[in-house]
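Colleague: Below are the features listed in Swiss-Prot for this protein:
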BINDING   131-144, 167-176  acetyl-CoA binding site
DOMAIN    1-197  domain 'N-acetyltransferase'
SITE      Gln60  site 'Crucial for catalytic activity'
Amino acid sequence: MDFRAGLENVLQQEVTVIHGEETRKLCIANNKYLNGKDADTFRNLAVLLDHLGERSAKAQKLPKPVTSFIKFRNSDQSIFLLSDIPVKKFVILIYMFFRVLGFLKVGRKRLFVHDSKGVCVECIPLCILDFYIHESHQRKGYGKKLFDFMLKTENIQPSYLAIDLPSMKMIQFLHKHYHLINPIYSPNNFVVYSEFFNNLNNSNYSIVQSKLTTTNCFLKSNSSRIHQNKHNHSIVSNNNNNNNNNIIIIIIIQNITHHNNQLTIEQ
């Protein structure tokens, strides 16, 4: 994926980290009329992120991209861009073209995840949200290089991560390069590994609560009562005549399905 000049202020090394907060500031500045050079950078960055999101969605066979400039600038996520920075030619011609080889998007999300024993934990781990390496550069080590850079930057172990809707290729990638086995699927389509729960006290986690259960995850609510509908899913309605302020909402976990959406990566 080649991009013309206009990103030399952004892509200055092999792996560049872009944060949503910084992009928001650039967006605000753009509304206040940037100078020509900064405006060019802003526009090219928007085009780049939109294009990467579209390529990733196409590779995963998703109905729409999960990564776009507008979504990213309104988030607290980070994108790691892997690029092939060309050698400077003389002094005048600097970075005329950029080859972007792929990207990795991470961010923290509040999740309910279950271990193999049925323990339900609400936590805010770092998540792998999108991962794409251009088809012409897969199976050449670029995926691992990008992933390793992210791990070092975030100071985190692979087993501490939650992965959003990983494909079999992603599972194989984690097994091959990081020796992770026996993925644990949660109803929200996130996958974790057993080591995830062994390190819940690690500073990389923010634990909200933990409840022991088998097929149900129990939460507390105020002034509510439970009704079961014909599909066996729990629904909650208010009960003004109920003076009990501490009842339990039961969330029935049923019909867990695994989608075939894929994160395109290099193995």
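Sequential numbering from 1, following the chain as shown.
Glycine is treated like the rest: Cβ placed from N, Cα and C.
On this model, are these features tucked inside or out on the surface, and what's nearby?
Modeller: In the three-state DSSP scheme, His137 (acetyl-CoA binding site) is classed as helix.
All protein chains included, Gln60 (site 'Crucial for catalytic activity') registers 20 other Cβ atoms within 10 Å of its own Cβ. Secondary structure at Gln60 (site 'Crucial for catalytic activity'), as computed by DSSP, is helix.
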Colleague: Measuring Cα to Cα, how many Å separate Met168 (acetyl-CoA binding site) from Gln60 (site 'Crucial for catalytic activity')?
Modeller: 12
Colleague: Would you mind reading off the Cα separation of Gln60 (site 'Crucial for catalytic activity') from Gly143 (acetyl-CoA binding site), to the nearest angstrom?
Modeller: 16
